[in-house]
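Structure, as structure tokens:
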Amino acid sequence: MFKSVLYIGLSWVLVCFAQPDISTLASVICCMCGYGLLWRGLLSLVDSSSWRKIWCLAFFWTWSVEGFHFSWMLEDFYVGTSIYFVWCLLISYLAVTFASFSCLVVLCFRKQYWGALFWLPGVWVAIESVRYYGLLSGVSFDFIGWPLAATAYGRQFGSFFGWAGQSFVVIATNLGCCSVLVFRKSFSYGLWLVCCAFPYFLGGTYYEYVRRHFSNEEVLRVAIVQPGYSPHMQGARTASAIWSNLVSLCQGICPPVDVIVFPEVSVPFGLHRQAYSFHENQQVLESLVPNKFWNEFFTNLDWIRALSERFQCAVIMGMERWEDKNGVMHLYNAAECLSLQGEVTSYDKRILVPGGEYIPGGKFGFSLCKAFFPEFALPFQRLPGEKSGIVQITERIKAGISICYEETFGYAILPYKRQKADILVNLTNDGWYPHSRLPLVHFYHGVLRNQELGMPCIRACHTGVSAAVDSLGRIVGVLPWESKTCPVCPDVLQVSVPVYSYPTIYAKFGDAPLLFVAVSSVLGVVGYFLKRRGKTLTGSDI
């Protein structure tokens with residue numbers, strides 16, 4: 001009993017702190033044995049406890065771990081107390097799935113179903129794929145393989161097999177750990193050590209190969225604007241005051257610069273609404289572009305053109321876009337890019353946040369929301385975008401744009417590599433969960449795309465992590481972000497980002513190979529149990 005408590009308690013500590021933003025050491029150790037210790041502890045209880053008790057123990061273990069991992073969601077200052085209900089539903093779903101999988105693992109060890117154990121890493125990938133692709137807009141945060149992102153070599157392993165490959169190898173390694181603790185055979189030790197080393201060896205080998213061939217010859221000169229507004233602060237300001245602050249920040253930019261990047265929904269009113277008067281903004285306008293003629297009323301596009309004219313560069317800015325469809329107003333979360341030649345390209349966010357940007361469940365979901373959470377009953381419908389976000393920044397450099405947590409989905413960003421984008425651009429706003437871990441959690445999930453696809457990235461955020469990262473996941477420049485101990489300050493990050501890119505297996509095949517493995521594994525484990533059941537029935541007949 002003591003060993004069971006020790007194994008389960010130690011596994012809880014390791015997995016809880018196995019977050020790249022919290023502890024690199026715990027993340028590495030967790031990938032090796034964190035879950036294996038849990039399964040060994042549960043296996044020790046099989047003789048003295050019912051399967052129901054074992055499942056409940058695994059459920060509460062997972063519930064508490066996931067509750068800690070998603071604790072940033074409980075910052076309710078802006079999103080309201082209803083977020084507790086959403087948080088509880090999410091971690092309960094995750095706990096049910098992992099507790100059930102853990103019982104399957106324990107059963108296979110207990111009954112010595114070695115053939116079934118072979119399929120289990122793929123089975124887990126299939127389980128995670130359901131929430132990654134099918135749970136509302138998808139839940140990409142905190143997949144089992146995420147602790148590998150704590151090291152450069154672990155992240156680089158994703159360039160072969162993506163998030164699914166990372167989860168696969170972590171489950172396989174921990175199954176090896178459990179077999180070591182159960183059998184203590186030399187073969188088990190060898191298999192476990194091979195699994196431990198495999199992702200770091202493969203990822204590290206390719207990382208060092210790319211690093212030796214890395215080139216800084218071609219760069220993109222970027223100015224990333226971090227306004228430093230929380231959602232509440234921005235809502236209390238007039239649109240003219242917001243622009244006055246943005247222009248003031250931009251005055252510190254030193255030419256030459258190729259592109260100025262602003263965060264998600266930096267200004268209100270969309271691109272073409274004449275919401276500004278020359279008289280009210282004359283002083284700011286003349287400081288930005290002297291001797292320029294302005295109409296009495298002008299738009300956000302006019303502001304952006306003035307910035308582009310002043311700094312002779314492209315400008316990318318997040319804002320909302322309204323569209324009237326059959327008499328009904330629809331809203332898009334958009335990114336607007338103005339090239340140096342004056343061409344405007346729009347990109348609409350394709351993966352929307354449930355609750356914040358749309359109400360799941362159609363009319364039925366809206367009715368429930370209006371009855372129980374009226375403050376979240378949206379008066380308009382926000383639509384997902386339908387087209388790719390490739391924009392031309394300079395004559396030679398194209399960017400692939402994502403908004404908010406779209407960057408955490410490899411399948412959503414993968415087409416940009418195939419469409420010959422040179423750099424990734426993410427516009428986001430983590431200010432809805434102030435003073436929480438979210439900025440770093442979001443950043444570490446997003447930076448995986450750099451090494452998965454072999455592409456650099458620039459991120460513009462209001463209060464989160466505004467940074468430039470090269471194609472090997474190395475931070476070229478970063479601004480301070482908001483945390484519990486550090487308030488955020490308005491600033492501009494001006495940096496030259498190498499646009500060196502390289503081919504990856506994931507960029508060529510995406511998630512398809514591991515999804516094939518996942519489906520095959522589910523069929524394999526079902527076939528295994530059906531075959532054993534058939535043998536059992538045949539034996540009983542004899």
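Even glycines carry a Cβ here, placed using N, Cα and C.
So that you can see what the record holds, here are the features copied from Swiss-Prot:
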ACT_SITE  Glu264  active site, proton acceptor
ACT_SITE  Lys349  active site
ACT_SITE  Cys404  active site, nucleophile
DOMAIN    220-499  domain 'CN hydrolase'
TRANSMEM  26-46  transmembrane segment
TRANSMEM  54-74  transmembrane segment
TRANSMEM  89-109  transmembrane segment
TRANSMEM  113-133  transmembrane segment
TRANSMEM  163-183  transmembrane segment
TRANSMEM  187-207  transmembrane segment
TRANSMEM  509-529  transmembrane segment
Tertiary contacts of the transmembrane segment (26-46) (same chain, 6+ residues out, Cβ under 8 Å): 1, 3-8, 10-15, 17-20, 53-54, 57-58, 61, 102-103, 105-106, 109-110, 144-145, 147-151, 154, 170-171, 173-178, 180-182, 196, 199
Positions whose Cβ lies under 8 angstroms from the transmembrane segment (163-183), at least six residues beyond its ends: 7, 31-37, 39-40, 43, 105, 109, 117, 120-122, 124-125, 128-129, 132, 140, 143-149, 154, 157, 189, 191-192, 195-196, 198-199, 410, 448, 511, 514-515, 517-518
Spacing of the two Cα atoms, Glu264 (active site, proton acceptor) and the residue listed as 'active site, nucleophile', in whole angstrom, works out to 7
Averaged over the domain 'CN hydrolase' (220-499), the pLDDT of the predicted model comes to 90
Pairwise CA distance, Cys404 (active site, nucleophile) versus the residue listed as 'active site', rounded so that it is a whole Å: 8
Based on DSSP, name the secondary structure state of Lys349 (active site): helix, strand or coil. coil
Enter the number of other CB atoms within 10 angstroms of the CB of Glu264 (active site, proton acceptor). 23
For Cys404 (active site, nucleophile), the three-state class that DSSP assigns: helix
At a 10 Å cut-off from the C-beta of the residue listed as 'active site', count the other C-beta atoms across all protein chains. 26
